[in-house]
Amino acid sequence: MADIKIDAKVFQERISHFVNAWKADKRSGDALFNGASSILILMGKVTEEPELYKNNAIHFPTTLMLLTLDTLYILTTQKKAKYLDQIKGGRFPVEVLVKGKDTAENEKHFIKITDAIKAAGKKLGVLTKDTSTGPFIDEWKKIYTDNCKDVEQVEIAPALSTAAFSVKDEAELRAMRSSSKACVALLTPYFLDEMSSILDQEKKIKHSALADKVYNKLEDEKFWKAVQLPNRQKLPGDFDPEQLDWVLGPIVQSGGKFDLKWQQDSDDEILHPGIIIAAMGLRYKSYCSQIARTFMVDPNKSQESNYKFLLSVHNMILKGIRDGVVVKDVYSKALGLIKSKKPELEKHFLKNVGYGIGLENKDPTLILNAKNQRTLRDGMTLVITTGFSDIQNPNPQDKNSKTYSLVLTDTVRVTAAEPVVFTGEAPVEVDATSFFFKDEDEAQPTPKKEKRDSRVGAVATKNITSTRLRSERNTAVDDDAEKRRRAHQKELSAKKQAEGLAKYAESTADQNGVEVKKFKRFESYKRDSQFPPKVRDMSIVIDQKNATIVLPVMGRPVPFHVNTIKNASKSDEGEWSFLRINFLSPGQGVGRKDDQPFEDASAHFVRSLTFRSTDGDRYADIANQIANLKREAVKKEQEKKDMEDVVEQDKLVEIRNRRPAVLDNVFIRPAMEGKRVPGKVEIHQNGLRYQSPLSTTQRVDILFSNVRHLFFQPCEHELIVIIHVHLKDPILFGKKKTKDVQFYREATDIQFDETGNRKRKYRYGDEDEFEAEQEERRRRNELDRLFKSFADKIAEAGKNEGLEVDMPLREIGFNGVPFRSNVYIQPTTECLIQITEPPFMVLTLDDIEIAHLERVQYGLKNFDLVFIFKDFSRPPAHINTIPVESLEDVKEFLDSVNIAYSEGPLNLNWSVIMKTVTADTHQFFLDGGWGFLQNDSDEENGSDEEEEESAFEISDSELDVASESSEEDSDFDSNASAEASDEAEMSDEEDGEDWDELERKAKKRDRESGLEEEDKKGVKKQKRR
C-alpha cells in the first residue's frame, strides 16, 4: 500500500455532488434516500474472493465510514489513516479516527460514531445485503445495538447507485474502457487462438485447464505489452497490467451443459467441438467490465439461423439504450421482437438482458428486466447480455450436442445517441465466430473410362497422336503479314514518339545522365565519454564497433570514421617502421572514387598522416585491421544499397474460424535453408503462407497486396507443375531478396520394371508400357487439376487486390538465353515469362517501351531480342540466341501486343544508348526518339526489296558462315540458290528442263541484271594485269 495516492480534489468534487443530491432529495420528499439522515458503510475482513458491492468503494478493509450532511467520519487502522490524511482540509469536513490495539480506546471511537448517528436523526441508511464479517464488524454491531436502539435502518443501495455510482465521470470511464480492452485482449486473440489451435490439432483439454491458461495470462507482462486487439491496435500507452484483477471467471462451457448466470466455475469436462461459450470479467483501477462470446464449431443451419437471430436481438437492444429510456422498455422491445420473429425461442430467452456495472461487478438496482422502472442516464455503464438457454438441437452430432445455449455479452456506455460499446472490438459476426474443421471434400466428377481398341488390348486411342517434326516448321516469310506488321509498327512508332514528347515536354537534363551523389556525414561518437578506454595511452586505436580509427594528433585522441580513409600502408626504413594513412580529399586523381562529394571542396583537407615506430609488427597489424574495416564498411554499404527496395510486409491475418485452403506436399523456390523437404501452402485472409515441416519458424508469408502476377504452368511438356507468384516489391528470403516465389511439385515418379510378374505371363508386346503411359498421363492431369484449382482459390481470396490467374501460351513460345542457359520462353496475357528453371524471368508487357531485334541478317542461325523499359533507369533486358525459325513468330507476337519493335544486323551498346537517353530525355525525343532504330530497320527492309534489281556481293568469310547455316550443301552462290528455288517452283508446273536449257535461261537473266557486263569488265582488268 506504499504507492496509494488519493486525489483530494476529485474526492471533494464527488462527495459534494453526492451530498447535494442527498439534500435535494430531502427537499423533494425523501423518495430516493428513504429519509436517511446518515449513511453507514462497513468493510470487514477481506476474503480470498471478495464480492464487489457498494461497500468496496472504501477500498480499505477493516474500515467504518459514517456520512452525515455535515461531516464524514472514517474509523480505520493507523496504517490506513496515514493515507486518508490526503483528503483532510477540504471544503467538506473529514474526521479520521484511528483504531488501535487498546479495546477501551476503540470503544470510545465506536461510541463517538453512534453519537453522531443519533445527532443526525433517527434513520440510518445501510446496505441491507452487506455480508461483511470479522472481529471489527462484531465489535461495532455490539456497541451499535446497545447505543442505537431507537435508530431505524433503511436501504440506501438505490440512492448510492443513482447519486454516486451509476453515472461515471471521464476518469472513471477511461478506467472502464481500459478494463474492457483488457477483456477483449484475453478473449480475442488469446483465448480464440488457444481454442482454435486445440480444436485444429484435435487435442483433448478440460474446461478448467483451458480457463486456467487464460487466468494465468493475467500475470504475463510481456503479453500485455505486445498484444494486439482485433482492430490491430495496442492497449493505451499508460496501461498498467498490475492493476488488473479477475472479477468473473474465466468461464468455459461446452458439451450441452451451460449456465448463463455465470454462477458456476469451469468444470472438468472435456472441451466439446460444438457450441463453446467463453465469458470473463476484469477489474482495472477498481472498475469492472465483462465480455462473453459464443463460438460455433461445424454448426448446422438451425444453429446458424438462431445465432443470426440472437445477433439481431442483441443489436436491437444496443440501439435502444440511450439517455432517458426506461429500463423495462428495453427488455419489452427485445421480447416483442422474439415473439414476432421466432416465438419458439421465447421460453429460452433470459429473464434480463443485463445490469449496471462499475465499482460493483453487478448493480442489483439496475437490472435490465421487465419490472425495473429506472431511467437510463448519460454516463451510465451497463453489461448487455443477450442469450437463449437450453435450445433443442434438431440435428445433433452426438449425445453432447442435443441441447445448446447462445449468448453475447458486451460492456457499454450510455450516451444521448447510440451507446459506446467498450468491448466492440471482439467480433460477433457469424463468419468470425464459426469454425469449420470438417474436411470439405469437393465433389469431383467420376472420370470416364477410356475406350480401348479391341485390336490392341490395353493400348488407348490417345496414344496415337498427330505430331509435326521441327524440320517441317514453316520459315517462309508471309508477305501480306509482313506488310500488315510494317503498317502497324509505323503507327506504334509514331504513337511512342508523340507520347515521349508529351511526357518529357520540359527539359529533363541532369549532369550528363549521371546520378548526383550527395554528401554523406559520418559520426563516430556523440560525446567524449564514448571513446574507447585505450585512447588514454595516446596510441593508435582501432574501434571495430564504431568503425572508427582513433589517432593521436598533437597530444589528443582524434577519431576518424573509416569512410573518411582512403587506405593505409606500412613501410620500413632502417630500424624505423612508418604507417601512412591517406584520407579522402578532392582531386586525388582519376578513377571511379574520384567523384566523392564534399560539403566544401575549397576547404583545407588533411591528405595523409604518417606515424613512425620501432614496432613494425604492430604497424603491419594496424594496416591490416584498417583494410579489413574498410572492406567491411564497403560490404555493409553495398548490402544496404541492395536492400533499399525491400519492403517490410504487413502481418499475415490468419484464418481462425475454419481450416484454410491447403496445398500439401509442395516445394518452394528459392529453396529454404536446411534439408529439402516438401511443405504446405495455406490461403489466409490477406495472403499466402508456406510452412516447412522442419520448424514453425521456417515459413514464408506473401500478402496479396504485394502480388503483381500469379501464374499457373501445367506439367504438359514439363517435369514439374508450378504456381508462380511475381511480387511488386522484393521480400527477404533468408538473407537474400527475391521478387519471385514459386510452389511446385514434380510430375514424374520413379518407375519400376515389373519384369516377370503375373501379367507378363499372359501378355505379349508393349501393353505394360502403354498402361504406364496412360497412368502417367492420368497422374499429370490430376496434378494440373489440383494446382489449377488452388491457383483459382488464391485468385478468389485476393480478388480485392485484383489478382487473376495467368497461364503461359506454349504454342507461341520460343527458345532463348535470358541469363545463362537456353530455356523455353512463353508469353502470357500480360507477361513474357520463363519460370521452369531459376533464375526466373518475368517481364510485364506494360513496362516495355520498345523491343529491338539484333543480329537479324542473312546466314545467321540465331538473333537476339532486347527490351527497353518505360523506366529508362532500368537496364534493358536481353534474350539472346533465339533460333531464326522463331523470327516471324516473335515479330507477330510483339505486333499483336502493341509493342513497337525494330531490327538491325548488329549488337548495339545499350549502356551508352541509355546514358544518352537519360542525359536529356526531352532532347532525345526532339531528335526523333527511337526513330534511329526504325531507320536502320527501314533501310534494311528497303535493301531487301531492291535485292532483285541490284547485284549481290558477299565476302569470303560471310560466304563460309552462310554455307554453314544452310541445311543443304550447294555448289552455287546465293544468287544461284535463289534462282534454283525459283526453278524448283517452276518445276512443279512443267515436266522438267535439261541443263542446256537452264544454262541458257541463266545467261539471259544475267544479261538483264547487268551481271554479264560486270563479268566482262572483270575479265578486261585481268588482261591488263
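Just so you know, glycine gets a Cβ as well, placed from its N, Cα and C.
Of all ranges given (199-226, 255-282, 619-646, 647-674), TrEMBL attaches the label coiled coil to 619-646. Residues 849-850, 895, 898-901, 925, 928-931, 934 of the same chain lie 6+ residues outside the compositional bias 'Basic and acidic residues' (489-498) yet bring a C-beta within less than 8 angstroms of a C-beta in it. According to DSSP, the domain 'Histone chaperone RTT106/FACT complex subunit SPT16-like middle' (814-904) comprises 16 helix, 43 strand, 32 coil. Per-class residue totals from DSSP over the compositional bias 'Basic and acidic residues' (489-498), listed helix then strand then coil: 10 helix, 0 strand, 0 coil.
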